[in-house]
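Annotated in Swiss-Prot:
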- Gly8, Arg11, Arg91, Arg143, Arg146: CTP binding site (BINDING)
- Gly8, Arg11, Arg91, Arg143, Arg146: ATP binding site (BINDING)
- Asp21, Asp23: Mg(2+) binding site (BINDING)
- 232-333: domain 'HD' (DOMAIN)
Amino acid sequence: MNIYAVGGAIRDELLGMPVQDRDYVVVGATPEQMIAQGFRPVGKDFPVFLHPDTQEEYALARTERKTSAGYHGFQFFYAPDVTLEDDLARRDLTINAMAREVTPDGALIGPVIDPFNGREDLEHRVFRHVSDAFLEDPVRILRVARFSARFADFSVAPETLALMRKMVEAGEVDALVPERVWQEVSRGLMEKKPSRMFEVLRDCGALARVLPEIDALYGVPQRADYHPEVDTGVHVMMVVDHAAAQNYALAVRFAALTHDLGKATTPEDVLPRHIGHEGRSVDLLKPLCERLRVPNECRDLALLVAREHGNIHRVMETKAAGLVRLFERSDALRKPARFAEALQACEADARGRLGFEANAYPQAERLRQALVAARAVDAGAVAKSYENSPAEIKDAVHRERVRAVAKALNEAPSGQA
């Protein structure tokens, strides 16, 4: 029995990056031998075991064969005579198909085992498939795109990109289940440069299949005085990358990605203006979230930002009454943390423009100050003073909040948005 650390741990070690998790492959063992040594079986489709002390996963060396469409359609084969190279050959990219032997307690020993020249591809910053078996698993398209967001200076080998395009044309991507698409897209959004993920998906044609709403934004012009980058798709990628650079949460990054969906459906005769695109964005975003089964937290923030980002951008001219109405529409009085995330997405939107990247965004501070004042109003006390006129309570609380906001901003309470 020989044990090897494989995959990402070896890749990251060679890149000088911290190794978060290790995957282990066991060669020359049977399930019975693993159990006899105290390992606990947990795998459903193939033998995976938890180490009795570290609880790390150890898998028996295996090969796989495609049996049907999609990423579930595989049959696995494992036996003591399956070699390490057999196991590495089924992996997606050469940079993930390297190994090092380890001792039973997990200490690395011996040289890097690299049968597919992954080390050379690491040095040249290239994503290259191990074999034509890459064609059999459409998730690998999403993984290459996600790795591109993590390792932004890597390129996809031309022959690998050609395989990815072939898979898209064959409809393999269409067999992906929504949860897996969301899993990979959300992980890519949390990488250093998410725009690279969407660039790779677009290059191979997969973006139009998995996120047609994003693909449709490319080539849609915007007013050059507001958007020197002009292309809406380029703008959205700048917004997402800004959100990533600020280390914002996933919900903020997803809102940044989807805030301008409605610009793709702007009538051509009114371009490059996009009047009413906020409402159209909401209409497109709802079915997108349903289709990908986006978590409620991400969906709700994205809908809020899509609907209100234009109003938030204009708040420097908005009076106290309009600010309070914005808070009421956005449920900011009950959910200030979510509203704070909406401001992050809007700031990313404002800065995700060519030449605007370092500009101040005073709208955020104005709204934060106003929200503190509005939330400080004791709605219960106001309600008590109107206990004989309950129908008037809502308007009375609103008026008190307007007065409080106006005072905080040193403005008159009258005025509209």
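Every residue gets a Cβ built from N, Cα and C, even glycine.
Because the structure is a prediction, the values reported are computed rather than measured.
Feature annotations (Swiss-Prot) mapped to structure.
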residue	record	CB count, 10 Å
Gly8	CTP binding site	18
Arg11	CTP binding site	23
Asp21	Mg(2+) binding site	10
Asp23	Mg(2+) binding site	18
Arg91	CTP binding site	21
Arg143	CTP binding site	18
Arg146	CTP binding site	25
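Across the domain 'HD' (232-333), DSSP assigns 79 helix, 0 strand, 23 coil. Annotated pair Asp21 (Mg(2+) binding site) and Arg11 (CTP binding site), C-alpha to C-alpha distance, rounded: 12 Å. Neighbouring residues of the recorded ATP site, listed in sequence order and excluding Gly8, Arg11, Arg91, Arg143, Arg146, comprise Gly7, Asp92, Leu93, Ile95, Asn96, Phe147 (Cβ within 8 Å of the Cβ centroid). Asp23 (Mg(2+) binding site) is 13 Å away from Arg91 (CTP binding site) when you measure Cα to Cα. In this structure, Asp23 (Mg(2+) binding site) is part of a beta strand by DSSP.
Here the C-alpha separation of Asp23 (Mg(2+) binding site) and Arg146 (CTP binding site) works out to 19 Å.
Look at Arg146 (CTP binding site): DSSP puts it in a helix. Looking only at the domain 'HD' (232-333), the predicted model's pLDDT averages out at 96. Looking at the residues that bind ATP per the record, Gly8, Arg11, Arg91, Arg143, Arg146, the two CA atoms farthest apart are separated by 16 Å.
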